[in-house]
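First up is the structure itself, then whatever we jot down about it.
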Amino acid sequence: MAKRVQHEGGDYRPKKRSKNERNGEGSRISATAEAVRNEPDSKPDATYVQSPALGDLSQIEIDQFLAKHCIKVTDSSEAPPLRPIMSFSHLPSSFSKIYDPLSSFSSPTPIQSATWPLLFAGRDVIGIAETGSGKTLAFGLPCIKKILDSGKVKRKHARPAAVIISPTRELAMQIYDQLSKFGASVDIRVTCIYGGVKKDEQREALKTAAIVVATPGRLKDLKDDGSVDLGKVKYLVLDEADRMLDKGFEQDIKDIIRSTPDSTRQTVMFTATWPPSVRDLAASFMTSAVTVTIGGDPSADPRANTRIKQVVEVVKPQEKEARLVQLLSRSQRGAAVGDKVLVFCLYKKEAVRVERLLRSKNFKVAGIHGDLNQHERFKSLEAFKTGSATVLVATDVAARGLDIPSVKLVINVTFPLTVEDYVHRIGRTGRAGADGHAITLFTEADKAQSGALINVLRAAKQDVPDALLKFGTTVKKKQHGAYGAFFKDVDTSKSATKIVFDE
């Protein structure tokens, strides 16, 4: 059997098997799916009835809400604008049972308020918002309601009604955890598909799942071997689309989309940035999409969450680890002794060294980086989430997608490759309307990034230390589309690994 090559984020791409090597069930599913695919199908008209209470609000109140939350809605069609759902009481009254888990939240987030009416109305939507803005429920609630409206909650074969694609297994698991809570109340089954584990259990779960949350590589593999048919998908979501393109999944995504029905599919894309590559992808498969932007121009320079207090300390390289210990000692005492702190390193070896250092200083610490297997990563994340570890040392593999509640402080021991990655790192704190705090240890070795960092600080109205200004304010653009933020996470001092395939 061929050795497997692990793609970033743990999404494995095994060598394709011949039809004779596949189990008989996969072939049976494929044959049945083809028969169903050829059945006539039509897209039911989506119905969205605006709440009377929402209709009673004045246009001035609506405009003030949009301005307060920096919400911009761009719609090239001639459809009348839909008012944002500003309160949970404004949600459609039908199937109100699915709203029960919302009782733990006070009000919708801006991205939820703006996208819900559009998605309930059946429109294709592009949502552009910072991480931690509530995007999962923004696309998740309309997904569940769409399945309920169709009356086809139960699935007897591997033909899901909705597919949600995410860049990493961790993010896929987080989406699954949230949607399962809402789906359980109305008997809608959700399953999570990702690489690095055996496929047999996933094939079994696919038989009854109405919603499939998946990483692109594993979903494509299961589609190609006949284990799942996407011909009845009514609702397709690409979450963190920019991240998936950075990781090289564009062809997998396009192949998956081509397997879903164009005329009957509602398509949703969420992204933190809006580069040309993401625009081109959206233009290739979305129909008259409405674009909802939260915050400033997403194609402009990256902007940090203004609720995060950013502190930059210019230090000598040899001082960083001692300073880290001081910062943690100060932040992990008194009433804050149990506060969660996320510590970012650039290299895997650096992360291992820092984790050992902090453990030797009696901090409750866990680590997550590319060298850990799936079980070890989940164990570390669970320890951090439950509080048995209050400090998590991570490389950029954890910089996007991880939704860890109540991270009080982010510390950058080493500045990342780009300022975009800096913004994503510190975005782990200050989520869901909370305030956050980020401290960055900046050295002369990072001076090429000083100008871009200064721009981020100024845009968020943060203090810029004189020591940082001395490095200069020139911004040097740096593209790394092929490798994203991860190529420095590889030890380049080693020779390349030779991959050998068995006969």
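Our numbering is plain: 1 for the first residue shown, then up by one each step along the chain.
Glycine too: its Cβ is placed from the backbone N, Cα and C atoms.
Swiss-Prot lists Ala129, Glu130, Thr131, Gly132, Ser133, Gly134, Lys135, Thr136 with the feature ATP binding site. On its own chain, Gly134 (ATP binding site) has Pro108, Thr109, Ile111, Gln112, Ala432 as residues at least 6 apart in sequence with a Cβ closer than 8 Å to its own Cβ.
Under the heading compositional bias 'Basic and acidic residues', Swiss-Prot lists 1-13.
Taken from Swiss-Prot, the feature domain 'Helicase ATP-binding' applies to 116-292.
Residues annotated as domain 'Helicase C-terminal' in Swiss-Prot, with sequence analysis given as evidence: 307-472.
Taken from Swiss-Prot, the feature region 'Disordered' applies to 1-49.
Nonlocal intrachain contacts for the motif 'Q motif' (104-112), taken as residues 6+ away from its ends with a CB within less than 8 angstroms of a stretch CB, comprise 69-71, 85-88, 127, 129, 133-135, 137-138, 141, 292, 294, 432-433. According to Swiss-Prot, the motif 'Q motif' annotation covers 104-112.
Across the motif 'DEAD box' (239-242), DSSP classifies residues as 2 helix, 1 strand, 1 coil. The motif 'DEAD box' annotation in Swiss-Prot covers 239-242.
Here the motif 'DEAD box' (239-242) has long-range neighbours at 135-136, 139, 164-167, 171, 175, 269-275, 277-278, 281-282, 400-401, meaning same-chain residues at least 6 beyond its ends whose C-beta is under 8 angstroms from one of its own.
Ala129 (ATP binding site) carries neither a helix nor a strand DSSP state and counts as coil. Using a 10 Å Cβ-Cβ cutoff, Ser133 (ATP binding site) registers 23 neighbours. Cβ contacts within 10 Å of Lys135 (ATP binding site), excluding its own Cβ and spanning all protein chains shown: 26. DSSP labels the residues of the motif 'Q motif' (104-112) in these numbers: 4 helix, 0 strand, 5 coil. There are 23 other CB atoms within 10 A of the CB of Glu130 (ATP binding site), with all protein chains counted.
A 10 Å cutoff on Cβ-Cβ distances gives Thr136 (ATP binding site) a total of 23 other Cβ atoms nearby, all chains included.
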